[in-house]
Amino acid sequence: MMPPDYVFGLIGHPVSHSIGQIVYNRYFQKKGLNAIYLSIDIFPETLKYFMSYASKMDGFNVTIPHKISIMDYLDQIDWEARSIGSVNLVKTEDGLLKGFNTDYYGIEYMFKKGGVDVSGKSIVVAGSGGIARTVIHYLIKNNAKSVTVKARDVKLAKNKLNAYDVDIKEYANNDYDIYINCTPLGTEAVGDPFPEVQFGKGKIAVDVVYNPPVTPFLKRAGISGSKTLSGLDLYIGQAIKTLDILTSGCDIDTLINSVRVAVNEVR
């Protein structure tokens, strides 16, 4: 068996829920690319050791909890990622580690595909990590009326999000137009970020979690008559941009088919 020409992967903790290994390896196989994609579980305290060897890989995605802390180890950071303050993709070029944020494109893809315009809307976001920063950046850039963050630790969230003009509260209420989950709650069908909220017609529920595609939060909101947007579309959107950066192009139909196969395999 020939060794791969390119080694890509995902780092995070945990990574057991990720469909990336199935998606990208199937995509590479279908496109005839001699490449491999690995899932690598990296504890926060061992990130610095991994990064000392990271340039041996051709590129890797970054997920919770490393999207912010990884920026300290990179040689270059794309202007969009730097302005957001979060990196979810690293590419090795000429021995240098370059950081990008493809989540932003995934968020844009998800809202456009779902036919949701955030302009003039009052919005609450659960979470204050890297993906929350990216979502907030998108909302402000696209003229949301107001953005509130729901966080368990208000002081910590204020420190993390001090670059943004947002209100931070411990609880949400029924007064918002759009509710967005940017926490791991719902992964593997466990947890609800907005248990205190009563959903109904006219409200929109959005989840960045993609496994499962319909989380308990989205299911509850959908049953109540609210419009729902799945994190699976965010995943597809960011994967399109990821492949553009790592392989200089993306066959969108092949990618979407690979995602569908992966979702069916992990059910």
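For all residues, glycine too, the Cβ spot is worked out from N, Cα and C.
What Swiss-Prot records for Lys67 is active site, proton acceptor, and it gives sequence analysis as the kind of evidence. Sequence-distant neighbours of Lys67 (active site, proton acceptor) (same chain, 6+ apart, CB under 8 A from its CB) are Ser86, Val87, Asn88, Gly129, Gly130, Ile131.
Per Swiss-Prot, shikimate binding site is recorded for Thr63, Asn88, Asp103, Tyr210. Under the DSSP three-state reduction, Asp103 (shikimate binding site) is assigned to helix.
Annotation source Swiss-Prot lists NADP(+) binding site at Gly127, Ser128, Gly129, Gly130, Ile131, Val208, Gly231. Taking Cβ-Cβ distances under 8 Å and a sequence gap of 6 or more within the same chain, the neighbours of Gly231 (NADP(+) binding site) are Met110, Asp207, Val208, Val209, Tyr210, Pro213, Thr215.
For Ser128 (NADP(+) binding site), the Cβ neighbour count at a 10 Å cut-off comes to 25, with all displayed protein chains included. For the binding-site residues given as Thr63, Asn88, the lowest number of other CB atoms within 10 Å of the residue's CB is seen at Thr63. For Thr63 (shikimate binding site) paired with Gly127 (NADP(+) binding site), the C-alpha to C-alpha distance reads 14 Å. The full span of the recorded shikimate binding residues, Thr63, Asn88, Asp103, Tyr210, taken as their largest Cα to Cα distance, is 16 Å. For Asp103 (shikimate binding site), applying a Cβ distance below 8 Å and a minimum sequence separation of six or more within one chain yields Ser86, Asn88, Gly130, Ile131, Thr134, Leu234, Gln238.
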